[in-house]
Amino acid sequence: MERPGPSDGSDASGPDPQLAVTMGFTGFGKKARTFDLEAMFEQTRRTAVERSRKTLEAREREEEMNREKELRRQNEDLEPTSSGSNVARACSKSSSRDTSSSESDESSDSSDDELIGPPLPLKMVEEPVNPMEEGVLGPLPPPLAEDVEEEDDDDGDSEEEENPVRKIPDSHEITIKHGTKTVSALGLDPSGARLVTGGYDYDVKFWDFAGMDASFKAFRSLQPCECHQIKSLQYSNTGDMILVVSGSSQAKVIDRDGFEVMECIKGDQYIVDMANTKGHTAMLHTGSWHPKIKGEFMTCSNDATVRTWEVENPKKQKSVFKPRTMQGKKVIPTTCTYSRDGSLIAAACQNGSIQIWDRNLTVHPKFHYKQAHDPGTDTSCVTFSYDGTVLASRGGDDTLKLWDIRQFNKPLFSASGLPTMFPMTDCCFSPDDKLIVTGTSVQRGCGSGKLVFFERRTFQRVYEIDITDASVVRCLWHPKLNQIMVGTGNGLAKVYYDPNKSQRGAKLCVVKTQRKAKQAETLTQDYIITPHALPMFREPRQRSTRKQLEKDRLDPLKSHKPEPPVAGPGRGGRVGTHGGTLSSYIVKNIALDKTDDSNPREAILRHAKAAEDNPYWVSPAYSKTQPKTMFAQVESDDEETKNEPEWKKRKI
């Protein structure tokens, strides 16, 4: 940068005498400075190069520190020791001092350059200038003590990132009472505004976090599947529909307010090939929405099929997947799920196998592991990680296993000693994919159910939460809210959260006070206390109970005395005795009993003498041919038997 000398400036830019006379002063003070654009551009280029070099050095130092931490983690336990952290901190401080010294040297070299801008005040020029401050653009760095504090904060943040247990939001909890029976289904919409619960009591209840207060009451309760247990509830990826899977053979889809949108059709159970039916023919187990395609979902059933459906076409399924054993026989799928991108369909079967299909190829599975869990047990849950490469399975053999679908020939890890007694016990991944969560079951009065956390990288049991004195059936870790929902075997649903780590959800309703119940306005009859009131307004004095009962006994209305029979003609809607009117007398006489109890032989012989004296019918016909009446002779049975032939006689 060029500065004009005093001699040059006096000739070129001296005061104009005419202007001085007009304005009343002799000069304008200091002279304007000139700037060299090329020098300014060169200075800017140097600054950019220096900053990029510092950024690259910082990245290299960070990579070296990460490599050192990985080596220490492999050689030592899970948590880094204090000595290792001190060494790393000392190394980082020494490297920072080296870089600061090199930066000071370079800045001192560049301090010889000329200044840019107007001249500094006199006080600042007289003060000693730190060579570190000349080449710095922007605000000055903080003191050394603050640097040390920031380094400590960074170390704390890195330790928190390394230790995923600190990210578990379990400092606070709320309890939602669904009912008295097992909470077998949980669902939370993608935004985290509404929670839906279902249980063995056939009820589905809706909970709105923004609308609830500290009483935690559901705003709607219904029974969408009548007398069938609710097995699965899941919101669609848009949050406007809920898939309801119950113990029946027909799944239902309802909207956010509980109104039915569609119901799957039931298939023909008399057809052998289940692919030729239009729907399921046996009890359902679970269901799942497609993560990408709106309106598509999947169900599995006891008819040994996994079917995909569309909301727009409830009269027939979209496709059918038929799990098979290695011998080609039918096998019942107990749970199913989509991968995170929706390209794969995974199902766990009763023979202990896990089968994975390509969604567009329904014939043969893409992956098939036949002994994933013990045969004859119900695998209750399979779920994919958020990165889509790892599959977790919760078996009925009290195990939790982790699988890599890129090498689906053996499990990566396996954890045992996790009892389960429900066919819908859940397992899920944390939002950062570093933890796996599942629940345990207990007998009544034999302990408390737990929520167990495993680290995905080492599969070590790193944390446990005692939920309640009942089994833990369902668990759900919402990625947006960072809150954990748990369904238990005693009808409770619990929500775990941390005010500092969680968002919205349970935090919205905890701060609201419970509304006071409105007192019902009851109208009571006022007593007339004045003793000299009119008789029609006067009320009787309160008597003793015994006297009041005796008086009520004499009252036919209060004692419910039966009505006496009506004498004479009927009245008051009651029929009187017979014969009171002409019509009743006629009816009574018509309906008389006229049965003849006389002897018929005597009645005939009564007319025998008259018939003999005055024959009219039979006797005149025989008067000439047979004037004397002849009767047949009575023969004994012995004579009849004698006249019979020998072959007709009875043998004794």
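Every residue, even glycine, has its Cβ placed from backbone N, Cα and C.
For 103-115 (among others), the entry in Swiss-Prot reads compositional bias 'Acidic residues'.
Summarising the annotation, Swiss-Prot assigns compositional bias 'Acidic residues' to 146-162 (among others).
LYS294 (SUMO2 cross-link) falls within neither a helix nor a strand when secondary structure is assigned with DSSP, and so counts as coil. For LYS294 (SUMO2 cross-link), the same-chain residues that are 6 or more apart in sequence and have a Cβ closer than 8 Å to its Cβ are SER236, ASN237, THR238. If you look up Swiss-Prot, you'll see LYS294 (among others) marked as SUMO2 cross-link.
For LYS588 (SUMO2 cross-link), other Cβ atoms within 10 Å of its Cβ number 11. Look at Swiss-Prot and you will find LYS588 (among others) tagged as SUMO2 cross-link, backed by similarity to another entry.
As annotated by Swiss-Prot, SUMO2 cross-link applies to LYS594 (among others), with the evidence given as similarity to another entry.
With a cut-off of 8 Å between CB atoms and residues at least 6 apart in sequence, the same chain places GLY439, THR440, GLU464, ILE465, ASP466, ILE467, VAL472 near LYS450 (N6-acetyllysine), listed in sequence order. The annotation N6-acetyllysine is assigned in Swiss-Prot to LYS450.
In the three-state DSSP classification, SER619 (phosphoserine) falls within a helix. Cβ neighbour count for SER619 (phosphoserine): 14 (other Cβ atoms within 10 Å of its Cβ, all protein chains included). The feature phosphoserine is assigned by Swiss-Prot to SER619 (among others), with similarity to another entry given as support.
The phosphoserine feature in Swiss-Prot is assigned to SER636 (among others).
According to Swiss-Prot, the region 'Disordered' annotation covers 1-22 (among others).
According to Swiss-Prot, the feature region 'Disordered' maps to 45-171 (among others).
The region 'Disordered' feature in Swiss-Prot is assigned to 538-577 (among others).
Annotation comment: Swiss-Prot describes 629-652 (among others) as region 'Disordered'.
According to Swiss-Prot, the feature repeat 'WD 1' maps to 178-217. Looking only at the repeat 'WD 1' (178-217), the predicted model's pLDDT averages out at 92.
Here Swiss-Prot flags 225-266 as repeat 'WD 2'.
DSSP labels the residues of the repeat 'WD 3' (279-319) in these numbers: 0 helix, 20 strand, 21 coil. Residues or ranges marked as repeat 'WD 3' in Swiss-Prot: 279-319.
Long-range neighbours of the repeat 'WD 4' (328-367) within the same chain, counting only residues 6 or more positions beyond its ends whose Cβ lies under 8 Å from a Cβ of the stretch, are 285-293, 298-302, 304-306, 308, 319-322, 373-388, 391, 393, 395, 403, 405, 408, 423. Sequence annotations record features per position, and here Swiss-Prot assigns repeat 'WD 4' to 328-367.
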Selection from 178-217, 225-266, 279-319, 374-413, the stretch that has most Cβ pairs under 8 A to the repeat 'WD 7' (467-506): 178-217
Stretch in 178-217, 225-266, 279-319, 419-464 most in contact with the repeat 'WD 5' (374-413), if contact is a CB pair under 8 A: 419-464
DSSP state at LYS450 (N6-acetyllysine), helix/strand/coil: strand
Cα separation, LYS588 (SUMO2 cross-link) to SER619 (phosphoserine) (Å, whole number): 46
Residue distribution over DSSP helix, strand and coil in the repeat 'WD 7' (467-506): 1 helix, 21 strand, 18 coil
